[in-house]
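Scroll down for the structure; my scribbles are underneath it.
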Amino acid sequence: MTAQIKPSKGAPYARIMGVGGYRPVRVVPNEVILEHIDSSDEWIRSRSGIATRHWAGPEETVAEMSIAAAGKALADAGIAASDIGGVVVATVSHFKQTPAIATEIAHRIGAGRPAAFDVSAGCAGFGYGLTLAKGMVIEGSAEYVLVIGVERLSDLTDREDRSTAFLFGDGAGAVVVGPSDVPAMGPTIWGSEGDKSDTITQTVSWEAYRHAKPEEVRFPALTQEGQAVFRWAVFEMAKVAQQALDAAGVTADELDAFIPHQANMRIIDSMIKALKLPEHVAVARDVETTGNTSAASIPLAMERMLASGQAKSGDTALVIGFGAGLVYAATVVTLP
């Protein structure tokens, strides 16, 4: 006898209800970076658009930054932590293989016993988490889901690598995803190009580092093939962004804001041209003062745009994350 399985019953649609961010106290200007590499402030700015970045102190752990950002997002959404049914944390810089940091965060904010797990998708991690949260709300497994993008990339930065020392920053951004009566999150265009997995990677695996003698290998750090990443981001990710617009049935003229992963300013400017975005579209440029914070960059940029008035609640925004893997995720959302 075949049993009849009941279908899932969730919300008809999902939306971002609130956003919050946390930036570490310490602000690190390019002059500090130049103490370790042969370069100049002018060169760093021209190559990346970055003037400063935030580096976390000993007490500003992945968990602490996440909790701070989560508290702001919950307050912005008007949702109690006890109502959260899912916690998704996107990060590559939580150094414990297990348990997932999401479980600690869920407990410490008072969320009870929600589904809680980490996502490792590099700079696209927040987009992956956002898509999973939307599915949870529509599927009915959670009414409200907390999505956090958090990084302490200063721990994975080689201060003497001229090509990457100036790029990375630390921080956390969070959003609350919940039910909606109208469409507010478009289809996600996501994927991977594993044949390019060595383009952005770690200098040495943890296994190799564990078995090596201290004098044989330095602490693992992030490394990338800069030109290859730039070409991929500019030419391929603009196509993905356009696919996300098409899937959502939204034209560039109908956009209010563009919030790409804050990799560097040259990539952002090139994508604007490729997408032919009109001048009225507000563009996130948080990278100038925050650096590349990987999975945290999109929610941090979103929070700053809304707080500064550059964008407002109800605006239509195109968001796209892309990075190590190589992986990507793009969608169109209504801002909270």
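Backbone N, Cα and C atoms are what each Cβ position is placed from, and that goes for glycine too.
Please treat TrEMBL annotations as automatic predictions, because they have not gone through curation.
If you look up TrEMBL, you'll see Cys123 (among others) marked as active site. In the three-state DSSP scheme, Cys123 (active site) is classed as helix.
According to TrEMBL, the active site annotation covers His261 (among others). The Cβ of His261 (active site) has Cys123, Ala124, Ser297, Ile298, Ile320, Gly321, Phe322, Gly323 as same-chain neighbours under 8 Å, each 6 or more residues away in sequence.
In sequence order, Ile50, Cys123, Leu153, Leu167, Phe168, Gly169, Gln262, Ala263, Asn264 make up the list of same-chain residues 6 or more apart from Asn292 (active site) whose Cβ falls under 8 Å from its Cβ. In the three-state DSSP assignment, the secondary structure recorded for Asn292 (active site) is strand. The feature active site is assigned by TrEMBL to Asn292 (among others).
Taken from TrEMBL, the feature domain 'Beta-ketoacyl-[acyl-carrier-protein] synthase III N-terminal' applies to 117-193.
Per TrEMBL, domain 'Beta-ketoacyl-[acyl-carrier-protein] synthase III C-terminal' is recorded for 245-334.
Under DSSP, the residues of the region 'ACP-binding' (262-266) split into helix, strand and coil as follows: 2 helix, 0 strand, 3 coil. As annotated by TrEMBL, region 'ACP-binding' applies to 262-266.
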* To do: Determine which residues of the chain contact the region 'ACP-binding' (262-266) at the Cβ level, with the cut-off under 8 Å and only residues 6 or more beyond its ends counted.
  => 47-50, 123, 167, 229-230, 233, 284-288, 290-293, 297-298, 300-301, 322-323
* Could you give the mean pLDDT over the region 'ACP-binding' (262-266), rounded to a whole number? -> 95
* Within the domain 'Beta-ketoacyl-[acyl-carrier-protein] synthase III N-terminal' (117-193), how many residues are helix, strand or coil going by DSSP? -> 22 helix, 28 strand, 27 coil
